[in-house]
Structures are given as C-alpha cells and as structure tokens.
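> For reference, the structure I am asking about is given below.
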Amino acid sequence: MALLVHLKTIRDLRGKGDRIAKVTFRGLSLYTHVLENCEDEARFDETFRWPIASRVDENEMLEVQVFNYSKVFTNRVIGTFKMVLQKVAEEGQLEVTDTLIDDNNTAIRASVTIYIKYTTVDGTVGVWSDGEFLDIPGDPEGTFQFETDSLLSGHSQGSGPAILDMEDLNRKAMRLGGVGALDPDSGFPGNLGFPENVLFLCNPNANIQLVGLNMDPVVCVEIGDDKKYTSMKESTNCPYYNEYFVFDFHVPPDVMFDKILKLSVIHSKNLLRSGTLVGTFKLDVGTVYSQPEHQFYHKWATLSDPDDITAGCKGYIKCDIAVVGKGDNIKTPHKNVLFGNLLLPEGVPLERQWARFYVKIYRAEGLPKMNTSIMANVKKAFIGENRDLVDPYVQVLFAGQRGKTSVQKSSYEPIWNEQVVFTEMFPPLCKRMKVQIRDSDKVNDVAIGTHFIDLRKIANDGDKGFLPTMGPAWVNMYGSTRQYTLMDEHQDLNEGLGEGVSFRARLLISVAVEILDTTSTEIVSSTEVQVEPVSNISESVTGKIEEFFLFGSFLEATMIDRKIGDKPISFEVTIGNYGNQIDGVSKPSAAKKKKKEGGGGGGGESDEEESELIQQNSSEDEADDNGDLVSVSSSPPMKPVITDRNYFHLPYFEKKPCIYIKSWWQDQRRRLYNSNIMDKIADKLEEGLNDVQEIIKTETAYPERRLRGVLEELSTGCNRFVTLANKDQNQAGRTKLDKERLKSCMREMESMGQQAKLIRSQVKRNTVRDKLKMVQNFLHRLRFLADEPQHSIPDVFIWMMSSNKRIAYARIPSKDILYSIVDEETGKDCGKVKAVFLRLPGKKGFGPAGWTVQAKMEMYLWLGLNKQRKDFLSGLPNGFEENKAPRTGSCLQSLPPISLVYNMKQVFQLRAHMYQARSLFAADSSGLSDPFARVFFSTHSQVTEVLSETLCPTWDQLLVFDDVELFGEAGELRDDPPIIVVEVYDQDTVGKAEFIGRTFAKPITKMCDEHYGPPRFPPQLEYYQIYRGNSTAGDLLAAFELLQIGQGGRAELPAINGPTDSDRGPILPVPMGIRPVLSRYRIEVLFWGLRDLKRVNLAQVDRPRVDIECAGRGVQSALIVNFKKNPNFSTLVKWFEVDLPENELLHPPLNIRVVDCRAFGRYTLVGSHAVTSLRRFIYSPPDKTQNNWASAGRPTHTMQDTFLVLSIPITRFYIFEKEEKKKKKKKKKGEVEEDDETDERMLDWWSKYFASIETLMEVYNKELEAEYDNFEDWLHTFNLYRGKAGDDDEAALDDDRIVGRFKGSMCMYKLPLSEEITREAGFDPNMGMFQSIPHNDPINVLVRVFVVRATDLHPADVNGKADPYVVIKLGKSELKDKENYISKQLNPVFGKAFDMEATFPMESMLTVSVYDWDLVGTDDLIGETKIDLENRYYSKHRATCGIANNYSVHGYNMWRDPMKPSQILAKLCKEGKLDGPHYGPGGRVKVANRIFMGATEIEDETGLKKQTDEHLALTVLKHWEEIPRVGCKLIPEHVETRPLFHPEKPGIEQGRIEMWVDMFPMDMPAPGPAIDISPRKPKNFELRVIIWNTDDVVLEDDAFMTGEKMSDIYVKGWLKGQQEDKQDTDVHYHSLTGEGNFNWRFVFPFDYLMAEEKIVISKKESMFSWDETEYKIPARLTLQVWDADHFSADDFLGAIELDLNRFPRGAKTAKQCSIGMVQNEAELPCISIFKQKRVKGWWPFVARDENDEMELTGKVEAELHLMSAEEAEKSPVGLGRNEPDPLEKPNRPDTSLMWFVNPLKSIRYFIWHNYRWLILKALGLLLLLLLLGLFLYSFPGYLVKKMLGA
C-alpha cells in the first residue's frame, strides 16, 4: 500500500532565487532537490512515495511547503498548501492546482500543481487483535505460529529472516528450579540521593509482528538520551533479532527511575535516510524495577503510532528488559512463565486506550528572587519602576514529553491559567509526572522548584476505582535557601533530588484524564503536547482561608557543632514564607495588607504581606486595634557555652525562649487528619510487628499472642478510621480526588479491618511467620494510603542562624504538629516535647560532614487554627510561668509568651552502664579502630576509656552523671525522659578523634519514692544499633538508668556494687546484677592455613602467625616458617579457656588477627577478622538415644520400598528429548505409532545434559557453594580485612579491603565436658573435638575443568556482540583457549575440558575467565569467577568428582571416577567408623543397620551380563544423607552455573558460565581420559524437492485481448535462514484454471544437528566481518507461489511453511487437499522427513485476505526426498530438469505458448474455451432453423404433390 504524490510545478513565484519544496504526510517529510536561480516558475517534477501500513483516512492531511533555499541561513517559507485526502481515499487518484497561503493564512499569487495516487494492494491489512498473541494452544512459545503467520500475511519478496538463537537450547537448559519467593519489598530502593551503578539490559530477543508488508525493520532502544539500534532485517514484517543491549548508568535511583525507556520500530533506515517510524512503546525504568526480579521476561510490547492515535496497534515486539542495581543478580525466571504475554505490569488491562492528560496550571505565589538586585536598583534609579526579580514559567514532563506554559515576566505571583495536554496510552507505564517552575533567563533557565505527581496516588484501578484526578489544589515546592546567589550549590534540590531545605513557592494546579474515543472523527490524531488557555477559577475552590497559629518553644539546644564558632546563635522557625526574615519577599503595598487584615480576603497574597510585619520584629505600633498580634519567629541570639571538645550548648536553663507565627492558609485540615489517623495506625502496627519479630528472634515465649494483640489493635484502628473520616463531608474546597480518595480509603480500611480479624483467628504457633508476612503487606498498604497527594499547609523549617547566615536546618511535616480536638487526628508530635536534630543542607548533609550532629534541640511545637489557640501550651512540661512581650493595650491575656520561666526543677543522677560494642566500623588503616564512647545527656557529656586496636571493645565501665537538672513535673519526666545520645569515636594519635557512629537511647527512670528492684530495676543490658549516616556501624551493649535525687541527697540512691578487684583505678566497672552472669567455656581453634596474603607496606608476608582473642583471653598459632613454600600450620589444634556470659546473645565477638613476624622482633599486623556470633561454633553433644537412627525410628521396610523402584536393571534409562515430546503428545486417533527407539550411538553427553531436567544429571542454576553452604562443613574461611572501611552503603567495597583468608574453625563448649566423648575409641586428645580430619600436608591433585557454555555475556564490541574464549588460571599455570574463540556470540557453547596439575594448599584458587578476542589491541576481560578448590576437596560432601546417577562401564555414560562405587562406599564407612557395607543375596546391602536394594547385573560392551555390587553401592551413596551420625548429601554428577564478575564493576553480573570441576589425587590410580563434551558437529544432508504440479492457484491477471482471468505461475522455495539460496521453477504461462505443470527439482544442501533439531549456518555478518558467525535455526522449508509479470513486480499469491521435523502428511489428491491442513495442524498426524526420508503429496498454499483471515490460494504437488551427503554423492541429480537424472518436460496445454507466436491458435483456444457452450447452442439453434427453413421451403411443393397425388 502506498501514497504517491507527483509534485509538478509551482507558478507565479515572486523574485528570483533557489527554491526547495517539502511534502509532508503522516509526520514524515520528504524534500525535493534544490532548483537554482528559478524565477516565476519552479518545475520540480518529482514523485514521492510513502509506504503505508494502514488505510488512508479521509481526515488525513497532505502538506506542501515551498521555501526560498539558503546555504547559510534557515530556509524562508514562501507558502504552504494543505489538503484533506477525502477525495483521494474515495477515488484513488486526483490532480489538483491550487493557490498557496502564507504564514498569516492569506492566499498569495503562487499556485501549485500536484497529482496524487493512492494504491492499495489486493486488500489492506487490518489491525491485529491482542488476543492473537496471547495464548496459542499446543505451542508454549508462540514462535512457530508466528513464523508461519508472517509468511502468509506478507506479500513479500523475501521472508522472515534467520532465527538466530539458541532458543530451544535455552528452553531446555532453563531448568531453573524455584526462583525463591518474591520479596515483598521489591519496590524502589531507598532514595538517598547517592549515585548508583545501574545496568540496564534490554534484549529485543524475538519475533516482532508488524502491520504492513515487505518492511525492512530496525528496532531502536532509547533510554534517556542513549540510543542503540539493532541490525536491519530485510523484506519481512516478522523479523527476529535476538540482540542484546546494555546501558550503563551511574545516577541516583530517583533520576534513574524517571528515565523513559522507548522502543521504536523504524522502517528502512539507512545511512542516508532516517526511515519512517512504524510504532513506539514507552515505559519508565521505575516500572521495570518494581516488577518481580526487576525485570520483564519474554514479553510482547504493543507498538502504537504517536502521530496517529486512531490507527490502533501497529505491531508487537518481544523483548526482555531488566534493571540491575549494584548487588542485584539477574535471575532468569522460572520456566513456567507464560510465554507470549504482553509487556505490562500486573493489573494493567491488555487493551490500553489512548487518553488525554490535562495538567492545568493556574497560578503560583511566594516565588523567590532569581536575579541580582543590582540591575534592578539601576533600573529603579532611571525609570522609577520596581520590578519583581523573577520570570517564571511552568514545565511539565510526562512519559518522555515536555510541555511549557508561557513566561510571566517579572512576577512573584504569576498567573498563567493555561493547560498542558499530553496524549498517552492509558494506563500509562510512567508513574510520575514532573511539574517544575522554572525561571526564564537569557543564558540558561534554572529550576525554582519541582513537584512530582505520583499517578498511583491520584488514581485507583480497582472495580470502584477512578481515573487520575487532582485538585485544583496548591502544591508546595521545596528546594534550596531563598537568597539568590549566582552559583547555587544546592541547585539539585530545586530539581527534586534530595530533601528540600526551604520553602520555594506554591503552585495551584489540577490534573484530569479523559479517555479518548479514537473512532470519533473530530479527534486530533497526533500526540504532540498542546498548551491551551483555560478560564480562571475562584479563590474559594481550594478551600476557605483560615488564620493558623504556630507556637514553638526551645527547651534545650545542645550538641551544637564547635565548627560554627562562638558567635551568638539564634533559631528561626518558618512556615511557608511566614516567619522568614532574611530572604522572604520584598514588601507589598500597605493597601493590600489592610485588605487582608480587614477580612482575611486576599489570602493568596498572604505569604508576602506577613514579611512586612516581621520586618519590625515586635514593635508595638504594628499592633492593630483589634488586638492582632505580631509574629515572633526567631529566638533571641545567645552565646554558646562549651560542653566538651566537640560541642557547645546554649544556656537555656530556667528561661526557655518561644516563637509564634500567624499565617493564612486554605483550610484543608481534613486531608492531614485522615493521613494522621492512618499514620498512627501504621506506627502502632509497625511497633507491634517489631515486637513480634524480636520475640521470634530471641526465641522467647508466645509470639502468636503478641501478633493477635497487634491484629486486634489494627482492626479497631481501622474501624475508628471509618467513623472519624466520614465527617466534614461538605467542607469548602473538597476536590474530586478528596471525595474519591475518602471512599477508596474507607473501603480499604474496612476490608483491612475485616482481614485483620480473620487472620487473628488463624494465628497459631506454627503459622506466625506466614501471617507476619501478610501483616507486613498491610503496613506497606497503610503507609501508601497515608501519603496525601494534595498538599495544604507547607512544612515547618527550623534554621539555626549565626551572624545572619543559615547554618543547619530541620524540616518538620506540618501534619505531625497539627492540632485537632479529636485525639486520633492530632499530629504525632503536636503538643509534645521532641528531640530534633539539625543537619547541614543539601549535599553537605551527606557523607562525613553530615554525620556530625549540627545541633540537638528539645522542642515543643503546636500548630492549629487561631481560634483553637487556648490549648496551645497544654503539652508543655508543667511548672512554668509565661513571660509576655511588654505591650500597651488591654488584651494582654491573649498574647502568647515570648519565653517560659521554669521554677520547678528535678535533680537526677544518670548511670550509663557501657558494657561493650561489637562489629564497629574500621576507622584506621590497619583495619581496626581505637574506640571510645561519648555519652551526652542534656548539657552534660562523659567519655569511656580508649581501647586500642579493636573493633569489639569491652569497656565494662559505668559513667555516672551527677546533678543533672531537668525542668518540669516529676511524673512527666518518669514517663518520657529526654534522649541519651551515644557517639563512638576512634582515637587518633594526631589530630581529632574520628567519628565512627551514633546511637540513641532512653533511660529507665526511678523517682525517689519508688523501690529499686524488679521488674524494672536493675536494668537489663540491651543492644543498640550504631548508625553512621545511613549505614550501620556496629552495635552497643549498654543499659541506662536515671535516678531522682530526693531530699536526702545522693546517700539515698542505690549503692553501686561493682566487682571488688578494682585494678582499673578511677574507672568504675558495670555493677553486679547488670553485668552478665559468666560461665567457664573452652574454645578450641583449628588452625589450617593462610591464603592469598597481600603485601604489607610493600613487603611480602613471609612468616605469619594467627592470634585468636576472645573476652581478653586468647591463643597463638604456630609460626608458618615459609609462607611461599607451605602456607599451612604445623600444629593443627590449640585451645584456651575463657569466662563468657550464659546468655548466648551477649557473647562477645572473637577476634582473629594475622601478624607477620619480621626481623629484630618486630610484628606487623597483616589483617583481622571479627567473628561476631560464636553461635554456629557451639558444640552440642550427640543425643545418645538417637545414635543409630538419625531420622528417628523409620522402620526398615519403608526404606526397602523406597529403593525397589531402582531395582530395575538399568540398561535403557535415558529418555531422549524427542521421546519427551512424544510422550507429551498423547497418541492421536488413527496415528500410526512410529518406531521411536533412539539409537544408542546417537546419545552423547549433551543428550544427558538436555535430558537432565528429568533424571540424569543435576544442573544447578547457581554456584555449587550456594547449594552446599560454601563447603564449610568443617573447614571455614575467614576473610582478613585491613584498611579503612568505605563509607558507601555498599558492602561491595569491602572486597578491596580483603588482604587474605584464614582457614580454620572453632569449637566452643561449656566446661566440664561429659566423659563419654573423651572415652570413645580412637579419641586423640591433641585434636580435641576435631577428630578424624585429614592432615594438611601439601598434596598433588589433577584438576579437570569442564566449561560447557556461557550465557548472557556483557557485550564487549561496538556491534553489541563479543568474541569470547576461555582462560583458566590455577596458581602459576594458565591455559588460554584463544585460538578457539567463538565469533560474535553472547551465548557461546564452548564444550571444552582442561586438565591442570596443582599442589594444594599453594595453588587452590581456580579462576575461570571469559575474554573477548580482538583483532587489534589487547583482549578485554568480560568477566571471571573464582573457585576455592581446597574447601571442595576436603569437604565431606565429596566434591572431587560428582556421583553419576547410575553405573555403566562403557558408552557415553561411563563411570568417570577412578574409584568404583563399592570402593568409595567402603572408604566412607571406614572413615565414619560405620558397620558395613555387607552385601547380601537378592540385591541387598546393609550399612549401619540400614538395608538398601538395587540391581546386581551389568552389561559390558559385548552385551554379556555380569554380577556386580556396584549398583548396590551406588544406591547407598545416593542416599548417604540418610545414614545416621555421619550422613550428608554427596555431590551428584552436575553442571553448576556461576555468575561472571568484572573487578571494575563490582556487584554487577556480566553473564553466567556453566561448568564443573573434577579433582583426582595424584597418589591414586589415574582417571581415564576426560569425557568429550565438545559441541555436537552438524551432519550434512541434502533435501531434494520436486515440484510436480500446482492446482487451483488464484488467477491474478487479465488477458490482454479477452479480459480472461489467468496467471503466469511459478514456485519459489528455500530453507529458512538460506534466503539468498532460494530457487525458482520456470514459469507456467497463461494458466487459466490455476493448474501448473512443472516437473522441477530444487536441491538444498544443509548442515543439521539431529539432537537439537536445528540447521547450522555459518556466514559473514557483513562484508567487513573478519570471520563467519554461526547461527542455529529450526529446519523449515518454505514454498511460495507467485504470478510472474513482465513489467511490474511479481505478485505474491500464497505460501506454505513446513517444519521438517513435524509437518502434516500430504493429501493423496488435489481434491483432498484443504486449508484445514494448515489451520488444524495440531490435530493432524505429523511426520518427520528425517524419519520418513521420502514423502509425496499435495499441500495447500495460503495467504491472508483483506480481513486478515486465512484463505486458500492454491495447492502444490511436491515430493520431498532427504539424503545424507554420502548418499547424495552416490546418486547425484541436476537442478530443475537438468542432467543427471533429468525429469521429463511437463505436458503443458498449447495456450501456454505466447499468444503472439500463433495468434489464430490462441484466439481459437480463447473463443472455444470461453464460448464453447454458446457456440454449440448457436450451432444447434442454427441446425433447427435450417431444418425449419427447409421444411418451410419444401413444404408447399410436397403439399401440392400430395394433393395432386403425383
């Protein structure tokens, strides 16, 4: 289908010049050539052609523009001609001459002449329905169906290109087991504003289905500004790419998730032309990340045309998309994923519609200055006008499109009243809309503030849901501080990254969505963003303006950073612009102010007016007559006082300063109230869940009771919400979203309440964990619901000011301090004293600078309506007097105080019991720290002693704070004491102590009249998590108590009864009763060896030693004399005794340190490791009662039953994949069961690999270590660290700190130990608990590494591919397989075995790397994996050589281990001191009182049967884990899948490698040769296809003279993937019946892999390729029938594609051949040419008609004959009808001769053929007439004769 436009000429142009014309249709512009120096007429005479995929609609436009061409400047438009194509669509062609119009839409003299032709092929192609792809029965992948579809629908010259994949291979190899439950938190990671490495994988991996014919499609993948293109596939609408793109980003998650991913399909793009866009698909990265496993796998994305939204679906593209953050690993999903479904998140309907998104921008207020005032002052001096210094406009970004409003010059309160309209599919796959106020500037525009609208929060997709709607509502924008600087260091904050530190502006907007009816005619079909004006809205729409009152009191200001200096400090509180003294906005006129104060009417301007009141901070003359009060927004400046080396405090003792601010806002409290109720329910729920988890963790009693209580609270909370939220329904300013949200929140809360009740009744002891997970989902839901999308009152900011500069801030959400008369609706911090920590603004607040607290405030805040003000002091600690501002006037009562004076104070003693810390952050270069802790309470601070060189200090120290004065009532202080802050530092010899981390605690308070005793006292030691920024930095074990000092002074306090041995001088230890109860433990340490020690201070480690220390005691290993020669220790086991707490949770960590002993008695620390929990090393003696029966009391006979299954003699055990398929297809009616015995010789290792899904071999989709607990069954590996720890949250950086590994183990037990163990036979007292472990002398091993294949490698070359090869390193030896690199493959099959000899322990780390071969330059590393062979070798799981599933002595499944199963079993029994094995008659074997059964015969190569015990022994080995005491799972024959990593991209997977390792000790008999796993070699075949005849072929042409329907038939054929070798028959001319006779032979040689059922093709990708690339393609034969034309392109008539492995048997006659053979293929009996070898029959040709239905277009009689290459050589044949073995010429009717060769003959034939009945009838009639004539002629004569009787 195409539209042709012939641009003839343009006349009556003015002047002389170079002209050029542009013709545009459907958004695609084509240009003419330039006509130079033409005067009044420009004769272009050019034809333009648009190939189009959908019909030309009668409303579509064609546009012609004529320009004056200029080489230097832009071309100037002369005139434009536009026309609607209605007439063209109806009639198909049209010639037009018409005048042009200029820019102002007025006609000019010039006129244009064009001729338009619209051609449709025999029909147009309709639009696909989505259902077509969703689920095709009997074809899980959906691939076969599509590939045939494509050929039928394509009237194409070529065909679908090669399927370049290992799709089937992958499918079989996707044995992925369960992929683990989905993480409920798989949402977005916390956005900390830190950049993250994000790897973006996108794989348009398969068929694309496009509307249209004969296309040359290219896919463009675009993320943000990065674009990548696939290769072009020619003349097909069903291309297959399998290309893999990786995009690397290093940006904060927030930025990443807003990036738009766009997939576009472009038709015929090349170097010269950009191609035409077929369709696009858009979604944001956040949508992908929020999917399970952060990916879409094998999904179909629907393409739509952005320029023509009425056109429907333009096709589908199948792709995989994954987003991988650091540390995520790519999981290939479970193979049960339904293939062929659409790429849409859960819950999105399959048919998405187009919708308009209207974002209305009304006005903004409170904008900051965005220009220097210098120029403004100059202007003012000259002109006298005072301008606002900002030129704002609003920009909206959504789904990759951007819309802007107009710019309002010089206005702090701009009014736009415009709407930005986006046209996008609904529901959109982009979650956020970004609304930004920007300042227009000549140089560059900067953002003033940004607001994100989350579409999920303003819509609900449930049954009773609603479309996205919002507002009209004010949104508040926050960002950097308001003063204008040329280079704003916090500009990022204005872009919406990080937490804003100041109010910037508020903007009145609304959002609405309208679903479009694309069938209606007046719809604009483009998706361009439009900006239109809208009418103004009234003030009252957003709510009634009320006067709000904010009161705050500073009770304490401590921990003020010393860096600030000792200048006076004050605190400023602002809400919006109210209270902002230094950078609010310039004064407005007094008139405005009066208007506002009179009636509160002009609330919109209220922000700024207030600033005037503030200027004269509290001068009396401002007070109005009506007793209006003046805001006081900052505390009086005060000089700080020193607390200790790091911090100051302000002396707010008795006198506490206060602030109060009046402000005017729209009254939308209801929104915040509902939010508060839900937040409170969620807080309670969270607290309860944490309790339950703690109970489960500490294994204390009855977690289920607590969980029931939590659920009870939740359901009552939900019911309470339903009753409370329903009031205030008719309040002014309620938007549609308010109403809808209320409804949906109430529904959700109601159902949540009911579910909670239901779950509560189901909570049992054993279901606690499951139910806990469900309740956690409630918590997520609650938090989501509580987040209100429409703002009302801006947040409150508290700034610490010093010398008029802003230093540090805290931001408090206004809803948290909002007052309500209903308790549940009140903010959680309203009217309460809260600790507030100030921090540095913007980026300064992250990283080391942000860790130090800038100030800690104890603050009281209250926000409410002015009229509810009476209660605003009610929450303060009692015992104060108000101190009001001196003021004339009568109404002193109503004034708030400017300070509070406390006359009640309580004196306390604080006891901080600092016991120990563990797992601290390593702050020194040695990898250790010298920690001490500093405790802050109120204005006091004390420190513990410094303990050097440890990460696990045990301070055991009591810090006593005497005479701590606290203000307020005693009872209040008991229930809510102030916070204690503990900071841990690292002492450095020079310079300041370095911060390690901080934690907070609340003390337990005892008043003087209470008894000091249980249950509250003495307090228990507790663990407090230490934080450093956002990451954890260890735990602190401590207890805190606050004791009131009464009348009797300190003497009345409980005595401090510490241990008596006070050898620590003035340091008090933690007293008895609080310190843990200790017991005597013995810790035995197994010293095995050290590995991979790095240099220390450039010197190699030569004589290392290991020191073990725990709780002050320890032991040293023997010295390793020469680390290079033997890194193992000579003495294996040592022990020490130590006193440890009875409570396991309080056990101190155990420290491992490695030191290097240098000359002259010097020691250097190499590295250290802290074992935080000794729990896994605690020895528990075996239970004597169960000594024989590990799986207690299972009777023997069931064991026998289990194994009877295995007692069948195993000769033919292998199910081959083909049989698999066979079994799945049940035997059909009338199907002959073919002999499907698989030939033994055909089986090889790969058969076993592919069949491993069922039986034969374990294929682990992870590392073997992950499956078997790192092989640390008795030998553990401890990483040694040195150097400062990284400050990032990522643990990946710790890898750089690893300086080596210590191998060994511990065993810890309480003394005394029972005698039984030591009395056991053969107990070696030197080895302690480590009996029967092997010796650690060096040992020689043969290591055999098998590398099967690699998958999903990271592309290394520019073309998005790689040329991988394998490199194996072990110790000093390295094997490179460089010459066998695999060209252009990201999923290479290596199939290689490598043998190496190694000596453990020196060479025990095996590295398998994949490199990319490069012709020029060095080869690049793609990724590598490291395997510790030593742990495998010594493991009890026997990881040396996997145990095969069965034992055979010959064939491809031969036993690989040099030890036979019986020898292995005997050895295991001996080592485990087990009785057995005893082989008995009847195929039984007894091991340790267990009886196993199995086969006893084996076949050798000659087929003779022999008796053997090996099957029996193997049965025991396979069930070794069931043997009591010593049993464990032995490793089976396997393939493991290991991720590849690149050292420069830590944590991001670069692909995976499938491999396994065998190890054989050299002192044992040598193993046989390695099994052959080399990739299968394809076999050469020749397929001979004879096309005998065709019948019923549709007739396409009209005869020249007679108008007769006829066709010139010929047949094309090719094998898929070899289109360039396609073969044609000769032409059967002038077939009038659709019959064609050919007797023509095609010959197709090909290479074929029998086992994989794929054809293998090797060809160069392009002329520049260095070598050939190998592709594997399904074996499919395509036959097409065409009509030959002399002058125009040949017409495609129909096609059939036969899968040579499974195709329907041909019909015996043409009559029996029907379209059903294609449509009902699944039900028909199928045959394989590889089994039948020769087959003949009739097959149908089909094509698609206009309605996209299949129709029969012909039949072909063909014969297929398959021969191997050797057979073909013996009996050669010629192509076509040539020698050798020629076919006879077909007997074609005469008409096939050309009509002009023998015109008479052909005319005779035509006439006779067409009119023979007519002619015969005419002749008959003629005869009758003749007879009649004769009769009439002769009748009178006869009559006379008769009458006369002559």
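A Cβ is built for glycine as well, from the same backbone N, Cα and C atoms used for every other residue.
Not my notes, these are from TrEMBL:
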- 1-98: domain 'C2' (DOMAIN)
- 178-301: domain 'C2' (DOMAIN)
- 338-469: domain 'C2' (DOMAIN)
- 586-637: region 'Disordered' (REGION)
- 892-1017: domain 'C2' (DOMAIN)
- 1064-1190: domain 'C2' (DOMAIN)
- 1324-1442: domain 'C2' (DOMAIN)
- 1563-1714: domain 'C2' (DOMAIN)
- 1767-1786: region 'Disordered' (REGION)
- 1811-1833: transmembrane segment (TRANSMEM)
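In terms of burial and nearby residues, how do these features look in this structure?
Taken together, the residues of the domain 'C2' (1-98) have an average pLDDT of 85.
With DSSP classes pooled into helix, strand and coil, the tally for the domain 'C2' (892-1017) is 6 helix, 63 strand, 57 coil.
The list of residues near the region 'Disordered' (1767-1786) in space but at least 6 beyond its ends in sequence, with Cβ under 8 angstroms from a Cβ of it, reads 1582, 1584, 1586, 1589, 1623, 1625-1626, 1628, 1637-1643, 1645.
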> DSSP on the domain 'C2' (338-469): how many residues come out helix, how many strand, how many coil?
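In the domain 'C2' (338-469), the DSSP-based counts are 11 helix, 58 strand, 63 coil.
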> What are the DSSP helix, strand and coil residue counts for the domain 'C2' (1-98)?
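With helix first, then strand, then coil, the domain 'C2' (1-98) has 6 helix, 60 strand, 32 coil.
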> Let's see if you can do this one: DSSP helix, strand and coil counts over the domain 'C2' (1064-1190), in that order.
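Its residues fall into 12 helix, 56 strand, 59 coil.
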> By DSSP, what is the split of the domain 'C2' (1324-1442) into helix, strand and coil residues?
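Within the domain 'C2' (1324-1442) the tally stands at 12 helix, 53 strand, 54 coil.
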